[in-house]
Every structure is written in C-alpha cells, then in structure tokens.
Amino acid sequence: MASRTSNLKFFSLLICSIAIVQMATAGDPDIITDFIAPPNGTVDGNFFTYTGFRVLVGGGPPPTAFTVLKATLAEFPALNGQSVSYAVLQFPSGTTNPPHTHPRSAELLFLVDGTLEVGFVDTKNNLFTQTLQAGDLFVFPKGLAHFQYNADSQNPALAISAFGSANAGTVSIPSTLFTTGIDDNVLAISFKTDVATIQKLKAGLAPKP
C-alpha cells in the first residue's frame, strides 16, 4: 500500500512537471484569449477538471488487453487552445501498442511501473530502440512510426504519455493498411507477397462480431 501511495504521488508530480514543459514547447496555434469557453458559455471549476483517470486509483481489476485512457480535446474540452494532452497506457504482460504515428505532436513517455521495449523509425529508415525501466523517459519524435511492447511474461507495465497538442492524432499502421479498403493487389505488390496473405492479415484485423 505504501508503495502504491508513493507511486501515485510521483505520478501527480510528474504530470504537473510535464504539463509545464509541454505548454512551453507545444505546437498548436496560439489563441488570443486565456482559454476557449464552451459554446454554452458556462465556465467554472468543473470545466477545467477532468475525472476520467480516477479509475486508475480506484482499485479496480487490471485490464486484460492493452488499454489507453486519454485526456485529449475530445475527452477534455478545456484543453482546446492549450497545446497539451495526456494518455495513460496500461500493458498487461505480453501486450503491445502496435506501430503508429502521431501526426501533430511528439510523444514524451514516462514509464511508471514495469518494463517496456520501445522504438521508432526515422525518415532514413533507422530504427532506434530501448528497454525502459520504471522511472525512465523516452521521446518519440513528431510524426515518426513507433511502438511499445511489454515483453515481460509475468508483470504488467504502466506508462504516461504527454503530447504538445490537444489533439495529437493517432494513425495505427496496421489498421490504416489493412482495414481501410486499400486494394489487395496494391498491398500484395507493396509487401512483395500474394493476395491470399494480405487477405489473411485483413481477416485477422477485422472487428470481431
């Protein structure tokens, strides 16, 4: 229990620290007001408060699949114009956050608990990888394909990601390629394989009924 409390305190301090850095280096367009009020004009303390992360400290059961909890413009409208957002990534043992990109922001990941294999590929096709331990930070440059993987077969991992945009965007590479209707022949030629293999990949990524 003491360890959990200590981790939560560190969690809170880290969020405050990263928020300052991200707001100072963010890339969203500047606004000419202190904040952007909601359409109905009602602004009080509730507008600037997001409670969606309370489930992380409520003692509920851990997820059985890779899970992302987000605090972006979509979930937290007060972030509009503030050039900052967060995501909490929960990795059960052996799970991955598949290769993806964030077109509008770099990602600064802090590993709270566990270990993670992480990496990104630059525009010269150089792969940069690292094994992160709890307490480590890793930056994924803006727009580059990257991934995270919990290779530990016994223990989960927990990470927090900060973004210099209220809406960094996420483009999942597997989903983009194999679930958006790109012609099988185009993909087969691009990957130097056959149509049957492409169809198997598409079937594996198709939503389960």
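Each Cβ is built from the backbone N, Cα and C atoms, and glycine gets one as well.
Taken from TrEMBL as is:
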{"type": "SIGNAL", "residues": "1-26", "note": "signal peptide"}
{"type": "BINDING", "residues": "N97, H102, E107", "note": "oxalate binding site"}
{"type": "BINDING", "residues": "H100, H102, E107, H146", "note": "Mn(2+) binding site"}
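A map of TrEMBL features onto the structure.
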residue: N97; record: oxalate binding site; contacts (Cβ under 8 Å, 6+ apart): F66, V68, L89, F91, F147, Q148, Y149
residue: H100; record: Mn(2+) binding site; contacts (Cβ under 8 Å, 6+ apart): A145, H146, F147, T170, V171, S172, I173
residue: H102; record: oxalate binding site; contacts (Cβ under 8 Å, 6+ apart): F140, K142, G143, F163, S165, A168, G169, T170, V171
residue: E107; record: oxalate binding site; contacts (Cβ under 8 Å, 6+ apart): V139, F140, H146, S161, A162, F163, A168
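Apart from N97, H102, E107, the residues listed for oxalate, the same chain places the Cβ atoms of A87, H100, T101, L109, F140, H146, Q148, S161, F163, A168, T170 within 8 Å of the centroid of those Cβ atoms. Of all Cβ atoms in the shown protein chains, 23 besides its own fall within 10 Å of the Cβ of H146 (Mn(2+) binding site).
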